[in-house]
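Encoded as C-alpha cells, the structure appears first; notes follow it.
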Amino acid sequence: MLKIVILLSAVVCALGGTVPEGLLPQLDGRIVGGSATTISSFPWQISLQRSGSHSCGGSVYSANIIVTAAHCLQSVSASSLQVRAGSTYWSSGGVVAKVAAFRNHEGYNANTMVNDIAVIRLSSSLSFSSSIKAIALATYNPANGAAAAVSGWGTQSSGSNSIPSQLQYVNVNIVSQSKCASSAYGYGSEIRNTMICAAASGKDACQGDSGGPLVSGGVLVGVVSWGYGCAYSNYPGVYADVAVLRSWVISTANSI
C-alpha cells in the first residue's frame, strides 16, 4: 500500500496525514535523483532548524520574513526554532537567526493538506549578499510542462535517516493542478485548488525538503508539501500553490 509522504524532513517516518481512509501518511521530504549545488545558485534557500537540527526548508521573502510549509510548524514553539541562511551546508556557515514568531495559514488542514503554507518572522534581519537574496512570489502559475527546480537538504532516498550536508537540487517540470488531478495521475480529488504539482522521471523532493522552494522563471511558484512516496512515476510531488496563496503571504508578512 502506498505511503502518503508529507515532505517534512525532520524525521524518518513519523505518521501524519492525508486521505485514503485508514492510511496514515508519513512525515517525509527529500531531493531524489538530484545533484549537489551551492547556495549562490539558490540564495533564497534556508534551513529551518529545530533545536539546532535541520527540520525543513524555506524561502527568503524579505530581510526578516521566511515562507515555509504549515506542516513544518505543528506542535513547535518559536523559541525552539532558528534559520540558517547563506550557506551551502545546513550545519555550518552563513548566518543563523532566531525565529521571533510564525503563523500558519488559518485554513491549513492536516488531513487534506490544503493551504499548507506558513510565514516566519525572524528576530533579526538578514543582510542580503550573493548568498542571501529574497525571491519574488509568483503572480500566476507557469504552463503545464514548464521547467522548474526544487532544492533542499532532504534525504536522498525514501525512508532514509540521513540527510546530505550539502545543498541538493533537482530539475523538474510543472504539472498543472488540473492535470495533476486528472486520470493521467493517481491522486484524483486529493489535489485541491491550493496545490500545484511537479515531476520528472526518477526525481522528486522528499524527507527534509518540506517547506522548501519550487522555482520556475525566477519566482517562487510552490512550497514543498506532500506526495505518495518520492519519485513514484504516477504520483508527482505536490506543492502549496504560491500564486493562489500569494495574497495571504503578503498580508501575513505585513502583520505578523
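Using the three backbone atoms N, Cα and C, a Cβ is placed for every residue, glycine included.
Copied over from Swiss-Prot, here are the features:
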- H71: active site, charge relay system (ACT_SITE)
- D116: active site, charge relay system (ACT_SITE)
- S210: active site, charge relay system (ACT_SITE)
- C56-C72: disulfide bond (DISULFID)
- C180-C197: disulfide bond (DISULFID)
- C206-C230: disulfide bond (DISULFID)
- 31-254: domain 'Peptidase S1' (DOMAIN)
- 1-22: signal peptide (SIGNAL)
- D204: site 'Required for specificity' (SITE)
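Swiss-Prot feature annotations superimposed on the structure.
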{"residue": "C56", "record": "disulfide bond", "DSSP class": "strand"}
{"residue": "H71", "record": "active site, charge relay system", "DSSP class": "helix"}
{"residue": "D116", "record": "active site, charge relay system", "DSSP class": "coil"}
{"residue": "C180", "record": "disulfide bond", "DSSP class": "helix"}
{"residue": "C197", "record": "disulfide bond", "DSSP class": "strand"}
{"residue": "S210", "record": "active site, charge relay system", "DSSP class": "coil"}
{"residue": "C230", "record": "disulfide bond", "DSSP class": "coil"}
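Counting only the Cα atoms, the space from C72 (disulfide bond) to C180 (disulfide bond) is about 23 angstrom. Taking the Cβ of D116 (active site, charge relay system) as reference, residues of its chain lying under 8 Å away and at least six apart in sequence are, in sequence order, A69, A70, H71, H105, Y108, T194, V223, S225, W226, A240. In this structure the C-alpha atoms belonging to C230 (disulfide bond) and C180 (disulfide bond) are separated by 15 Å. Of the candidate recorded positions, C180, C197, S210, the one lying closest to C56 (disulfide bond) when CA atoms are compared is S210.
Taking the Cβ of C197 (disulfide bond) as centre and 10 Å as the limit, one finds 27 other Cβ atoms among all the protein chains shown. Per-residue pLDDT, averaged along the domain 'Peptidase S1' (31-254), amounts to 92 for this model. For the pair formed by C197 (disulfide bond) and S210 (active site, charge relay system), distance between Cα atoms is given as 14 Å, rounded to the nearest Å. A sphere of 10 angstroms centred on the C-beta of S210 (active site, charge relay system) encloses 33 other C-beta atoms.
Of all Cβ atoms in the shown protein chains, 32 besides its own fall within 10 Å of the Cβ of C72 (disulfide bond).
Ranking the disulfide-bonded residues C56, C180, C230 by how many other Cβ atoms lie within 10 angstroms of each Cβ puts C180 at the bottom.
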